[in-house]
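What TrEMBL annotates here:
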- K12, I13, S14, G15, G55, R59, N161, Y166, D169: ATP binding site (BINDING)
- G54, D72, S133, G134, N135, P136, Y137, F138, S139, T140: UMP binding site (BINDING)
- 7-213: domain 'Aspartate/glutamate/uridylate kinase' (DOMAIN)
- 20-25: region 'Involved in allosteric activation by GTP' (REGION)
Amino acid sequence: MANCAYKRVMLKISGEALSGANGYGFDFDVVGRIAREVKTLVDMDVEVGLVVGGGNIWRGRSGEGMDRTTADHMGMLATCINALALQDALEGIGVHTRVQTAIEMKEIAEPFIRRRAVRHLEKGRVVIFGAGSGNPYFSTDTAAALRAAEIEADVILLAKNVDGVYDKDPNKFADAKKYDKLTYMEVIEQGLQVMDTTATTLCMDNNIPILVFGISEEGNIKKVMEGHKIGTIVSKK
Ligand code: UDP
């Protein structure tokens, strides 16, 4: 493995990232580009677990007036649609990929079995974890933190549309300041938009660093792996 900062990573891609500028559904050019970025990791012999969100299709909190649990089930199904789209794009460029879901749908994907997931990773297959944690009232960020702990990932790579963590929204404020480094406690106390608090505390309790970086710029994942200082790292100190 050539100069890789990490051996096993958990890549979290938001659903929104798959929709490109459309804001809904898929922009297949973007899906293809993300797949190529993942391939660069695999080509560097990095083991890749991937959790994808569902926000390009449905989020539980969008279900105004709906039963929250039902709305969250719909969100988890949305993540499975995204997982299959990414699997298809990855396999299309020769990357062996397995989807494992937290809610069983065995005609479509494997159920989540930790030992089996780890075995796939050891064989160089990308494992996409669908249906979040399988529980309502959680987010895919929390699912990424949970699966990262379970597969003993070295880091969570949090791919965003912005290139790191800022003190305020950089799309609205020209003077927004980007952080290079933060502690988990700073994220929580300052209410910074990294991951939700449940996910952040799970990472803190299990000492899993979170690297927030921009996915819209091609080649960033490779730069992260080569140890370039891009984005924002959230860790113990
Ligand atoms: N969800 C859930 N439990 C989980 C993960 C996700 O209920 O463990 C539901 C929840 O409704 C959420 C939706 O799935 O809004 C999509 O996930 P998320 O909002 O995290 O996607 P992202 O914002 O990353 O696209």
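Cβ atoms are placed via backbone N, Cα and C, with glycine included.
TrEMBL: automatically predicted annotations, no manual curation.
Mapped onto this structure are the features recorded in TrEMBL.
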residue: K12; record: ATP binding site; DSSP class: strand
residue: G54; record: UMP binding site; DSSP class: coil
residue: S133; record: UMP binding site; DSSP class: coil
residue: S139; record: UMP binding site; DSSP class: coil
residue: N161; record: ATP binding site; DSSP class: coil
residue: D169; record: ATP binding site; DSSP class: coil
C-beta crowding around K12 (ATP binding site), within 10 angstroms: 28
Cβ neighbours of N161 (ATP binding site) where a neighbour is any other Cβ within 10 Å: 12
Mean of the pLDDT scores, which run from 0 to 100, over the domain 'Aspartate/glutamate/uridylate kinase' (7-213): 96
In sequence order, those binding-site residues of G55, S139, N161 whose CB lies under 6 Å from ligand 1: G55, S139
Candidates S133, N135, Y137, namely the binding-site residues, that fall within 10 Å of S14 (ATP binding site) by Cα distance: none
Helix-strand-coil residue split for the region 'Involved in allosteric activation by GTP' (20-25), DSSP-based: 0 helix, 0 strand, 6 coil
Diameter of the UMP binding set by C-alpha atoms, the set being G54, D72, S133, G134, N135, P136, Y137, F138, S139, T140, in angstrom: 14
Binding-site residues near N161 (ATP binding site) (Cα-Cα within 10 Å), from G54, S133, N135, Y137, S139: none
Candidates K12, G55, D169 (binding-site residues) - the one closest to S133 (UMP binding site) by CA: K12
Which of S14, S133, N135, S139, all binding-site residues, has a Cβ with the fewest other Cβ atoms inside 10 Å: N135
